[in-house]
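Quick notes on the structure that follows.
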Amino acid sequence: EFVTLRLENSDGCSGRLQVFYNGTWGSVCSNSMTLKTVSLACKELGCGDRGILETRLPYGRVSGPAWLDRVECGERNSSFWQCPSAPWDPQSCDDLRDEAHITCTGRQPETPPALGTMCPNSTSCTGSCSSACPSHPAGLCLLSQCPGRSLPSPDREKIRAVGGENGCSGRVEVWYRGSWGTVCDDSWDMQDAEVACRQLGCGPAVSALDKAAFGEGTGPIWLEQVECQGTEPSLQDCWARRGDSGACRHKEDAAVNC
């Protein structure tokens, strides 16, 4: 199971701390959370080496899962993921006041990381992520969590199906850097198609097609080796590589029937 952190509804380094687990984003509860735990979360997020836990939170019930509670990092822990915690549980806490909202205040990198930086444990996320990215045995990255590499919202929501009879079948294209580009069919399967069809607003996937089934696209190939679990809200929330390696050609453009 691959996990990563994000700050929800935040363009910077302050917001509600969430963890991606079991194909879904959920809250992290603040019970037993110390400044050491917050600082390691900030480090994991690429937001420096210090932070504070916000305490003035509203009353109410948590919406969605709350995956983690009682994360207790000590001086011997150098990574958020090394810290002991209560077992994974979607109902770890149910009160909004118990959710962890943090603001990172430590020193941050002065320049955005270059392409091809190495990820933790020396897994290469070539062309995709920063040194703060979550690792994956296949060298993939959660592009939505890579500082300087993710698609800005609302651009990340822009997707289309080209070449079919309607907008719910065709070659999958996503919008990035001011232009439409295709998705490589490496590892493209029904789980990836499910996410694309949902993002298109077209219901469940009928088939995941490869080898430019709806014709070859032109221009850039924005995503390679997409690995979705099928429950993600968008393709960018799946493990993938940014498609600038030159390893894929348009004869390998991915497509869907929804």
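Counting begins at 1 with the first residue displayed.
The backbone N, Cα and C atoms fix where each Cβ goes, and this holds for glycine too.
Automatic, uncurated: that is what TrEMBL annotation is.
Within the set Cys119, Cys125, Cys248, Cys258, TrEMBL assigns Cys248 as the partner of Cys184, by disulphide bond.
Looking up Cys197 in TrEMBL gives a disulphide bond to a cysteine among Cys133, Cys141, Cys146, Cys258, identified as Cys258. Cβ neighbour count for Cys258 (disulfide bond) (all protein chains, 10 Å cutoff from its Cβ): 22. Cα of Cys93 (disulfide bond) to Cα of Cys73 (disulfide bond): a distance of 19 Å. Checked against Cys29 (disulfide bond) by C-alpha proximity, the disulfide-bonded residues Cys83, Cys238, Cys248, Cys258 yield Cys83 as the nearest.
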